[in-house]
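Chemist: Below is the structure I would like to discuss, written out as structure tokens.
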Amino acid sequence: MDVAAAALPAFVALWLLYPWPLLGSALGQFSAGGCTFDDGPGACDYHQDLYDDFEWVHVSAQEPHYLPPEMPQGSYMVVDSSNHDPGEKARLQLPTMKENDTHCIDFSYLLYSQKGLNPGTLNILVRVNKGPLANPIWNVTGFTGRDWLRAELAVSTFWPNEYQVIFEAEVSGGRSGYIAIDDIQVLSYPCDKSPHFLRLGDVEVNAGQNATFQCIATGRDAVHNKLWLQRRNGEDIPVAQTKNINHRRFAASFRLQEVTKTDQDLYRCVTQSERGSGVSNFAQLIVREPPRPIAPPQLLGVGPTYLLIQLNANSIIGDGPIILKEVEYRMTSGSWTETHAVNAPTYKLWHLDPDTEYEIRVLLTRPGEGGTGLPGPPLITRTKCAEPMRTPKTLKIAEIQARRIAVDWESLGYNITRCHTFNVTICYHYFRGHNESRADCLDMDPKAPQHVVNHLPPYTNVSLKMILTNPEGRKESEETIIQTDEDVPGPVPVKSLQGTSFENKIFLNWKEPLEPNGIITQYEVSYSSIRSFDPAVPVAGPPQTVSNLWNSTHHVFMHLHPGTTYQFFIRASTVKGFGPATAINVTTNISAPSLPDYEGVDASLNETATTITVLLRPAQAKGAPISAYQIVVEQLHPHRTKREAGAMECYQVPVTYQNALSGGAPYYFAAELPPGNLPEPAPFTVGDNRTYKGFWNPPLAPRKGYNIYFQAMSSVEKETKTQCVRIATKAAATEEPEVIPDPAKQTDRVVKIAGISAGILVFILLLLVVIVIVKKSKLAKKRKDAMGNTRQEMTHMVNAMDRSYADQSTLHAEDPLSLTFMDQHNFSPRLPNDPLVPTAVLDENHSATAESSRLLDVPRYLCEGTESPYQTGQLHPAIRVADLLQHINLMKTSDSYGFKEEYESFFEGQSASWDVAKKDQNRAKNRYGNIIAYDHSRVILQPVEDDPSSDYINANYIDIWLYRDGYQRPSHYIATQGPVHETVYDFWRMVWQEQSACIVMVTNLVEVGRVKCYKYWPDDTEVYGDFKVTCVEMEPLAEYVVRTFTLERRGYNEIREVKQFHFTGWPDHGVPYHATGLLSFIRRVKLSNPPSAGPIVVHCSAGAGRTGCYIVIDIMLDMAEREGVVDIYNCVKALRSRRINMVQTEEQYIFIHDAILEACLCGETAIPVCEFKAAYFDMIRIDSQTNSSHLKDEFQTLNSVTPRLQAEDCSIACLPRNHDKNRFMDMLPPDRCLPFLITIDGESSNYINAALMDSYRQPAAFIVTQYPLPNTVKDFWRLVYDYGCTSIVMLNEVDLSQGCPQYWPEEGMLRYGPIQVECMSCSMDCDVINRIFRICNLTRPQEGYLMVQQFQYLGWASHREVPGSKRSFLKLILQVEKWQEECEEGEGRTIIHCLNGGGRSGMFCAIGIVVEMVKRQNVVDVFHAVKTLRNSKPNMVEAPEQYRFCYDVALEYLESS
């Protein structure tokens, strides 16, 4: 046996090399498919399986073999188990067969081992239609003995299906013995020992139901036969039940429980016994999916008790046909469900409850058990409200007060309101005095226990009724009349108070209060003196009170002091008490002074021929101090009645001697003496030829008689009282000649005094001129030394803005040397024969004095007449920079009335001829027919051959001569329209002809859906006529784009560079909210325009409004810097003489002023990178005198120019429904910067406390927000998704005590409202934790995922204003920048949040802007970066330490680069 086993491999090798094809002649002796193996398996078309583990071996009777002698003799196929590992298999494949009738396959087999061990297993497999191998249909294992055994295969697979029988030998663990087969026969009749199955039919069933296969077999069902249902993939299902049909036929049932689509496959029946096996054909299990609608029902109509729907059952998921349609509906708040069968496309649901939400679904049914599919998507809708059932019951009065009434009513349930949304309104009306009525309706809270009507008038009949209203109707209660209680009365009307003054009494009357609020019972008047013209009157006494009856509305107050102001308080009273008092001040009249009694007293002390000396005694003031004493001389006439001494009618009109002489007056004033000159009796000489207070006291005429009067006068405000007395009489002399005083001598004396004074004044003026010249030379030297210190001057400017400059006089409109703006600002026409040429020409002195001066250092020579080239017209003088803030504030009062008046004074419309522009051949070249080029200033193009009209383009020269460094620049600007399609070639001709290097574009191509400018430049290269324009570089920034072109012309060996500066930050309507971006834009253009270049081409759409704004601002910035003044009004006026309607709106005119003011206040704050380190150290140096630094002053300037938000700016954040979404109500985002949420989340609003911010290069690149509150976490993730944010920067800590929860999943996946957030990874790098999230919107899954990285910064302690490390914070910024460049092609936004969305977040944004600024422009401008952020949100970079930290990080970045 061992020898034979050892020799078997050699035998196998010889067998494999045997020439089997030569034995093909023996095939004819076998039936198809059978084989006796006399000539080997190949002769029977049997094949070894190429993919098994080893081969069957052929044993031939004609060839020697080495099998043990006890093995059968003859030819057969054998497997030696001892040569193979357990589990290895050998397969022998019979040829494929197609039989059309019942047949049988029988064969011989043995399993033998010398020691009686298990040699392995013989399996029979049947493959159908070249499908997969299933489990064996028959097998035998273990030792069977030395003799051959027979077995049968009853295969019930019929044509056209084909099958293949496979014999498989499997080695067992014993590895000993042989497995052999022989004499395989295919018989044309049924098997004798194994039953044959009838054809197995397909089974169709609905998903979720049980499927049953019934296999019917012909033959005897032996007790030991094994039956099962075999699936094509090898799964075996046991038999459920067998049943004998008759003595030769039985049935077997197989059941599959609750089948699904995954159970749909091919199945066959198998029976097995020791004698053989039977196998049926494969039948298909077909699983049908019950139908379900794709779409929900569609609502066609709705009423209070019905819903009309369309089923929408044509598009389904699942299988048809549909044999039944049903509608299933229920209240969304209830649990019961009703189902109605429907046989029409539409269905009306009746008997529903009003204002109730229903969920409606459609059910579809196909044939078969379980054919009803799942309900389709729901239609959730609500019925309309129904009219209220009845009128509310009568109101019950719960409380009556003077100004409020409390009412209540029955509880209003749904059975009354018939609607969940209803209003309870109390309407009331009442009549006031003068037949005035008042009516109003108040919405009440139906759930409140009591309802109060406030703000009612006291002591008034009020009619009330309640109205119950819902969207479908209203019911009103009966009207109830109630009288409110009395209250204290209102004040006595101020206008009704009238006081009539006398010297010692006041008559006061008044009217009843407009709001008596009941029955007036009395009036009370309190009064006291508060001041007096007479110092002797006491004014600090206690107030006195007078009470009047209710019907007495006047009173006379006696025994008062003259010239004294009394304050009266009048108040009325009802039974409820006194109301508020009304005050009035009344002043008693003053009394005339009291003069001493001269009756019987001779006041004459001495008398000469031309004089008389009298004794003057002081008067006694009564109610007002003495203002003056007057001496009146009256000439005696013999026929005039003599005045009596003592009290008399005084002389009120002062008349000088000269006027009396020429006018024939009978008296004249000889002197007026101040009261201080007469503290006690003193002599006075009448006729002493002296002048007193302008009154000449001439010598008296000896031959005339005179009465001498002494007057005392008291005068306060507009009241004057005079008392006079005759104190002496001088009789006429009888002998001396008459001497008449000569007024001419008095005049000569005055002239002499004036001449001496003038000489002294001239000397002083000459001295002042010398001082001014010396001062001026010193000032010029100081200005030259201070050229590099712009920041210090800016700070001084802010600190000194509101001071009055006593040493610098303003420009006066009366100056006879004032000239027009065209004259004084050197606007020069282009053509010498221009009718608008000014005649004034500046001389060398103008040029010499026009040296560059600092922007904020206003030069003294502005006060020196014609020396300044910036004096202006008489009506609108230039404004000093130092006075600009005050001027603008004044002009903005009363709704900017000053600006409105100035702007409306400009000439509107055409002011010069434009015949060329109006020609028919030029009409298509004008964008607007009313804004075209004037003839006298138009740009004349060099004509194209054979086209005389080709010299026209809608453009005008704007001429200005700037004396800067001795260079004159006529035609500094060209103002033109935005090109239309027909003028693109002309536009480039103009740029080439005028040698322009800069194009300024102040419009977008399309605004509000209208084309504003044709795209006249290429993205790459384009040819326009004979011009080739190539775009070589484009630099997009947040508010403007800089494009660099090369310009070539056919026939010219020259390539020019032209830069286009396209300002994109001008809004579609109005003007920019702030001028910061435009000012930066203008500075960039100035720096880029070469000194030798031609005019700057400026255009918007029409070339008037925005173009004019740009040019005026540019001119005025130069003017302010050179001369310290601005003249906006006359500049606009001059520009309008060159092109129609430059600066088109009042809003633009105001914006120009605001822009100039911002430029003057802020100054130039950019520092070149190469100078930054030295400049920064200079900025932080503390000045020993001021104890401050330039950096601190700059931050104070920043605070002063930061706009303050008003309540109306944040109207959306202030809405009541948004209050709980704000962490701090004093840190709200303005409406104009809000990112409104797009994704809907139930009833949540679209508001979030966040603001869009510009970065250096990209508008709205940053979103700054507060740390999410517990109730805004969902909103935060909506914000991230809706605005494509790829970075989240977290600058504060998680702190539940401050309402700062963890808003992200640490691992795995969480859902926040409609947004699903999945944490993909988490890592830590120094002070930064990096988390990557994958988020998607579950309401819009088709949009895919958004990858977001969160940067949680750990290096900033909560109690510190700045981070602990500059380097780590800079690293954070650079990490975020790198991630942003990698994600979404750099287009993703960055969300930055701290506790309040202010200081910390602003600092991150500001440093990010500065880093980009350094990369792009090689400058550092922290002031501009923070100012730009604060224009949107004022709390960006809150503390001075944070502002300095921005500078520190900028320095760190420069030193590390």
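Keep in mind that glycine also has a Cβ here, set from the backbone N, Cα and C atoms.
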Chemist: By the record in Swiss-Prot, which of ASN100, ASN826 is the one labelled N-linked glycosylation site?
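Modeler: Record annotation (Swiss-Prot, N-linked glycosylation site): ASN100.
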Chemist: Where Swiss-Prot marks N-linked glycosylation site, which residue is it, choosing among ASN585, ASN1337?
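Modeler: Comparing ASN585, ASN1337 with the record, Swiss-Prot tags ASN585 as N-linked glycosylation site.
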Chemist: Report which of ASN551, ASN1187 appears in Swiss-Prot with the annotation N-linked glycosylation site.
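Modeler: Checking Swiss-Prot against ASN551, ASN1187, the N-linked glycosylation site entry points to ASN551.
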Chemist: Say which of CYS191, CYS269 is recorded by Swiss-Prot as the disulfide partner for CYS215.
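Modeler: It is CYS269, per the disulfide annotation in Swiss-Prot.
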Chemist: Which of 293-388, 391-487, 490-594 shares the most C-beta pairs under 8 angstroms with the domain 'Ig-like C2-type' (195-280)?
Modeler: 293-388
Chemist: DSSP-wise, what's the residue breakdown of the domain 'Fibronectin type-III 1' (293-388) into helix, strand and coil?
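Modeler: Per-class counts: 0 helix, 43 strand, 53 coil.
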Chemist: Along the domain 'Fibronectin type-III 1' (293-388), what average pLDDT does this model show?
Modeler: 92
Chemist: Run through the domain 'Ig-like C2-type' (195-280) and tell me, per DSSP, how many residues are helix, strand and coil.
Modeler: 3 helix, 49 strand, 34 coil
